[in-house]
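Asks: I'd like to ask you about the structure that follows.
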Amino acid sequence: MDEQPQQELPLPFPEFSGDLPLMPARMVNEYQYCPRLAYLEWVQGEWADSVDTVDGRFKHRRVDRPGGKLPPADALDEGDRIHARSITLSSNRLGLIAKMDLIEGDAAAVTPVDYKRGKRPHIAQGAYDPERVQVCVQGLILEEHGYRCAEGMLYYVESKERVRVPLDDELRALTRRAIDGLRFIAAGGQMPPPLEDSPKCPRCSLVGICLPDEVRYLRQGRIEPRPLAVARATALPVYVQAYKARVAKRGETLEISIDDKKVQTARLIDVSELVLMGNVYVTTPTLHELMARGIPISWHSFGGWFMGYTQGTGHKNVELRTAQYRASFDEPTCLRLAKGLVAAKIHNSRTLLRRNWKDDTLDPKHLLDDLKRDQRHCARVDSQQELLGVEGSAAARYFGHFDRLIRASGAEGALSFDFNRRNRRPPADPVNALLSYAYTLLTRAWHVTLGAVGFDPYRGYYHQPRYGRPALALDMMEPFRPLIADSAVIQAINNGEVRPSDFISAAGSVALSPDGRKRFIAAFERRMSHEVTHPLFGYRVSYRRLLEIQARLLSRYLLGDIPDYPNFTTR
Amino acid sequence: MHEHLYIVAYDIADPKRWRRVFRLMKGYGEWLQLSVFQCRMSRTRHAELIALLDGIIHHNHDHIVLMDLGPAEGVKPRVVSLGKNFEAIERAPIIV
Ligand code: SF4
């Protein structure tokens, strides 16, 4: 083989100082599989389980039990046999730490044995490079400790086969290059690009975080993204809004009771978040369990006002938060993002009007043209102040005609909602009350999504981070207000899911009754599960999942991975 | 990442282990009848459940079977149910 001589950091490595953590040898394996994977896991602290990782842990469990002894190399006598399980060794010179499944051998030489799930692959070299490299790292660390080591061994659990891996010069060189490469990217702070249309990605547990095809597509506009990131999220929110309800963990489930009577149980594995409205009681063990599982709990007043949320120790991705803050101090970046968000919102508002227009007596053409003009205007503004003005006039146009999307009164079961213009605090009519409530739900959904992706929801680009407002959540939700919230409101009214009798009015303000609220939450969640075709990527995806993809794309933009943040618009 | 429907049935020789299995199963599916559960799981969940069950049971005394009824979405499992209705687990948000 014609090996290109490539630049290498000269060995020996500088000693790792106390400040830098030792890298697990597994990372060298990941690096050899895909440098971006190692970066995501090691530098950004991302983790996601897949069948492979779950099953891998399971298959490993037996070898994880420590057993046998590994005497120091200089204490070994001729005739001593070594058989030691689950031994952790590190090398400061290599900057690596490895947990070795099994070490066998004697005074003459030792062999690290690494357990792999699955069957032995039938390829010329006996095993794939990432696995060969990983066992070679173990060999190198053993040598650092004074043992002699000429080969490693891979044991494939499923086919019960061993594959010898000679630690020859070629493999050692490959391994050193991988170690150098890993140290380089860890120090460099620049995420390696995704693999190109690689068969490795569908098997990669981080594919939904990495977005390899989407990033490639947005960088080069060439390949059609595969729907790898779309995998349906199986967990869904649990809302508790009933008066005097209590939530307690019981085994692997949450039990919700009212007046000491069990009314519902939810399997913890199926819960994506717990939403509590009003005076709901939650036990401490429940809070602990939810935090340990990374399930956020959001707290709302009885009327739905979002008061805050509880989360475990939070996301490890400091790099992302740093990039988020840095960009927020840069005015041109703020303006650029803000323009895109507002333009997309106007676009989506216009689409909603066009699609749901119910009034035959009025042709919406002028209105749609005006909105188109507002949308174009966004691109030309050169301050946030001006942008606010454009947004305001577009919103006035839009809400000025919102009642024409509501099925006329007199239709069976549907009574009329009077609605003239948007008013908020307090909402003065049922439609405004529904809109406000829907925005609260959507803000929460964005808040939780952004937190889970590693953002700080409170620092944004368009909204000012004042008065405890989750500015980034409000920013990101702009284009989705018409698509998710307004649309859920129209559907709930037009389908007769909420009726005028579901509202309680007092002192000039109107609020949803508990029962009406329950039905409206269901309508909202149905909208969140609705699947749309992504205009850029061509695949179908639920809004629920889309929010996460958009949040990740924003992170890719802020970290310099893609040239622009692509807003979501529908046709 | 599509989910399948499973029927999980178990025979556990020891009452203490039986309770542990029962408690674990409640976290993964719906109790159908004595020592039989219905579960709706992705491949990852399936792998997880097997790993956990395997950690509890005694391989010489206990027995667990997991039967795959096929994709949970859209496909109606062919099940005959007498006495009571068999309803496949739906995926929906919980609102109390
Ligand atoms: S999805 Fe593909 S490009 Fe992204 S980390 Fe995994 S293997 Fe690498």
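Numbers here mean position along the shown chain, with the first residue as 1.
Heads up, the Cβ atoms here are built off N, Cα and C, so glycines get one too.
Unlike curated entries, TrEMBL annotations are predicted automatically.
Below, the features straight out of TrEMBL:
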- A:27-211: domain 'DUF83' (DOMAIN)
- A:Glu391, A:His463, A:Glu478: Mn(2+) binding site (BINDING)
Asks: From the centroid of the CB atoms of A:Glu391, A:His463, A:Glu478, the recorded Mn(2+) site, which same-chain residues not already listed sit within 8 A by their CB, in sequence order?
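Replies: Same chain, not in A:Glu391, A:His463, A:Glu478, Cβ within 8 Å: A:Ala338, A:Leu341, A:Val342, A:Lys345, A:Leu388, A:Tyr462, A:Leu474, A:Asp475.
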Asks: I'd like the number of other C-beta atoms within 10 A of the C-beta of A:Glu478 (Mn(2+) binding site), please.
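Replies: Here the count is 23.
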Asks: Please give me the CB contact count at 10 A for A:His463 (Mn(2+) binding site), counting all chains in the structure.
Replies: 21
Asks: Across all chains shown, how many C-beta atoms besides its own are within 10 angstroms of the C-beta of A:Glu391 (Mn(2+) binding site)?
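Replies: Looking across every protein chain shown, the total is 22.
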